Amino acid sequence: MQAQHRPGLMHDQWPVVAVVAAGGAAGACARYGAALLWPQTPGTFPWTTFCVNISGCAVIGVFMVVITEVWAAHRLVRPFFGTGVLGGYTTFSTYAVEIRRLTDAHEAATAFGYAAATLAAALTAVWSAAWATRRVLARRAR
């Protein structure tokens, strides 16, 4: 049996693909800018990537509260900003590469500390940003 062609399905997805790509380019440029402004020294704790990832996690905590609990956003806002901009800005692939580089440079303690600190700080950033956003919004509603 042949698969049935649904011309409307891909046509409906192109705007989503386009906004994710545009947002991803913007986020990646912001991350690259951070790397230029705050270059890392090989074999040391990767502060730039750490701060980029944690700040991106905090922003996603705020963003998700706003678009799910406060504002009925246009259907392309979440893919553009959440998946695109923040997905391009944060870089957990570089995080993994940096752990490997630290390990290869015989900096196992720094690698382990970086791995654990990033995980703990990322989860804390999302949770605390979402919590703080809800508190601020609740106070404003009074």
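Residue 1 is the first one shown; counting continues down the chain.
Keep in mind that glycine also has a Cβ here, set from the backbone N, Cα and C atoms.
All chains included, 22 other C-beta atoms sit within 10 angstroms of the C-beta of THR90 (Na(+) binding site). DSSP classifies THR90 (Na(+) binding site) as coil under the three-state reduction. What TrEMBL records for GLY87, THR90 is Na(+) binding site.
For 16-38 (among others), the entry in TrEMBL reads transmembrane segment. Remote same-chain residues near the transmembrane segment (16-38) are listed as 47-48, 51-52, 76, 79-81, 83-91 (criterion: CB distance under 8 Å, separation of at least six residues from the stretch ends).
What TrEMBL records for 44-67 (among others) is transmembrane segment. Through the fold, the transmembrane segment (44-67) approaches residues 31, 34-35, 38, 73, 77-78, 81-82, 86, 89-92, 94-95, 98, 102, 110, 113-114, 117-118, 121-123, 125-130, 132-134, 137 of its own chain, all at least 6 residues removed from its boundaries and within a Cβ separation under 8 Å.
Annotated transmembrane segment per TrEMBL: 79-97 (among others), in sequence order. Tertiary neighbourhood of the transmembrane segment (79-97): same-chain residues 16, 19-31, 46, 49, 52-53, 56-57, 59-60, 63-64, 67, 114, 118, selected by CB-CB distance under 8 Å and a gap of 6+ residues from either end.
According to TrEMBL, the feature transmembrane segment maps to 109-132 (among others).
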